[in-house]
Amino acid sequence: MNDVQPKATIVIFGATGDLAKRKLFPSIYKLYQKGKLAEQFAVVGVARRPHTDESFRHYVKETIEEATKQELIDEKFISHFYYHSLDATNTQSYEQLNELLTRVEEQFHIPGNRIFYLAMAPEFFGTITSHLKSEGLTATNGWTRLVIEKPFGHDLQSAQRLNEEIRQSFSEEQIFRIDHYLGKEMVQNIEVIRFANAIFEPLWNNRFIANIQITSSETLGVEDRGRYYDHSGALRDMVQNHMLQMVALLAMEPPIKLTTDDIRSEKVKVLRALRPMTHDDVETYFVRGQYGRGIVRGQQVVGYREEHSVDPNSNTETFVAGKLMIDNFRWAGVPFYIRTGKRMTEKSTKIVVQFKDVPMNLYYRTSEHVHPNLLVIHIQPDEGITLHLNAKKSGESMKTTPIKLDYCNNCIDGINTPEAYEKLLYDCMRGDATNFTHWDEVAASWSFVDPISEVWANTKAVDFPNYEAGSMGPKKADELLQKDGFHWWPLNGTM
Ligand code: BG6
């Protein structure tokens, strides 16, 4: 676990795909540049498409140069890359891959440690993992690990099926399920803010917190992922994983220790304590939206139903807002509001913790507004925390004015926060599974989300499209909070 320069071969299935290109190759390069990878590593790209090692290296070099906007001069780095063209159903093809891996391990003195990274569509997960085992690719002298990307199933049942398939070849300890939000610096900071500060933890409960709001808004539409997205929608794409993971980190009890198992078990308890949605509740607690045409950052954009590979009558949601209740001792009565969507006003992920008002505010009469205390955790694009307090307005006798205490992580010179994927890849190489999702978390999240998707699949949204591209979503999402006497805090500079 503490191996600072892990020695391993990373076998990337889907090596010619988008994820490898945009995230994985640049992350591996950064780890190498920072000295976190010694010379005892190799990357074997695997995909259907034919490539020689040479042409693959050329491709990798180009993708890294494009992503890092630097010229890649390090030929030594690129010589660690190899390629194998694989037919996923052909046994012989795996045998050849195994031969290549053994050769590469000898060459770079890698002690049989292998990461199999499946950066591809989940329908092949079962076939690939079973071949990896049957053809002996997992039987090495070192450790072997499997990294998988979402979507992990479409609902609980399909996720269970997928899990069973994978578990035929890999144990739970060997499986690293990626949720890239868990690799984000400020998501990892949630635990530190909560558990390393005496001033927050005593207040972190239903006696002092009025509500918690989590927004993850995007300006992009579905881009070229229409085919996937139209079958997924925002609920499965963002809520089942990223949003619920943030809820779990915000709501969990302090773990006994900072070990993977202790943290995960506290997170699972939160997910299990989520008040289940009955079909009748969905309408009251959840709002779905789909974007129509509009203007995003000054550009006219098309509506969702006009996007490439999207059904022109699609009923798929591109926006979700919801009110979650956690039925346990700490959180009884405190709503957690979540909101996420595509083609919204800005790209931003923020958590706002709104504290209850003081029991008797002496300044109500003299001040126009007494702002509630807020703790804002800025996840992206800015990273930091802001605490909103009230202070005396200077000069005028007894009036108050809101003030902000700000900490901006990425404003400090020299801090260049690593990409989530860089951190997660490194964690996986060191065997630290804390920031990956355990099967129990995946199952609990699907159990919560399934009734909502069932209702939405069975009732056509008559008002779609119901928000304009470039807006903050449908009006109903605002009403969700208004009913409780709250409102969404704005995401812009004022926060
Ligand atoms: C992915 C979703 O998991 O997260 C995408 O599939 C979404 O649809 C992305 O755009 C958002 O991630 P980030 O890091 O840009 O907030």
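Glycine residues also receive a Cβ, built from the backbone N, Cα and C atoms like all the rest.
Here the structure is a predicted model, which means the values were calculated and not measured.
Here TrEMBL flags HIS242 as active site, proton acceptor. In the three-state DSSP classification, HIS242 (active site, proton acceptor) falls within a helix.
According to TrEMBL, the NADP(+) binding site annotation covers GLY14, ALA15, THR16, GLY17, ASP18, LEU19, ALA20, LYS21, ARG48, LYS150. THR16 (NADP(+) binding site) falls outside any helix or strand according to DSSP and counts as coil. Here THR16 (NADP(+) binding site) comes close to GLY45, ALA47, ARG49, HIS51, TYR59: these same-chain residues lie at least six apart in sequence, with C-beta atoms under 8 angstroms from its C-beta.
Taken from TrEMBL, the feature substrate binding site applies to HIS180, LYS184, GLU218, ASP237, LYS342, LYS347. For ASP237 (substrate binding site), the number of other Cβ atoms no farther than 10 Å from its own Cβ, over all displayed protein chains, is 23.
Annotated domain 'Glucose-6-phosphate dehydrogenase NAD-binding' per TrEMBL: 11-189, in sequence order. For the domain 'Glucose-6-phosphate dehydrogenase NAD-binding' (11-189), the predicted model reports an average pLDDT of 95.
Per TrEMBL, domain 'Glucose-6-phosphate dehydrogenase C-terminal' is recorded for 192-489.
Comparing the Cα of LYS184 (substrate binding site) with the Cα of every entry in GLY14, ASP18, ARG48, these being the binding-site residues, the smallest distance points to ASP18. Of the listed binding-site residues, namely ARG48, HIS180, LYS184, LYS342, LYS347, the sparsest CB environment within 10 A is found at ARG48. Its Cβ placed at the centre, GLU218 (substrate binding site) has 19 other Cβ atoms within 10 Å. Its Cβ placed at the centre, HIS242 (active site, proton acceptor) has 22 other Cβ atoms within 10 Å.
Take the Cα of LYS347 (substrate binding site) and measure to each of the recorded positions GLY14, ASP18, ALA20, ARG48, HIS242: the nearest one is HIS242. Within 10 Å of ASP237 (substrate binding site), counting C-alpha to C-alpha distances, fall none of the binding-site residues GLY14, ASP18, ARG48.
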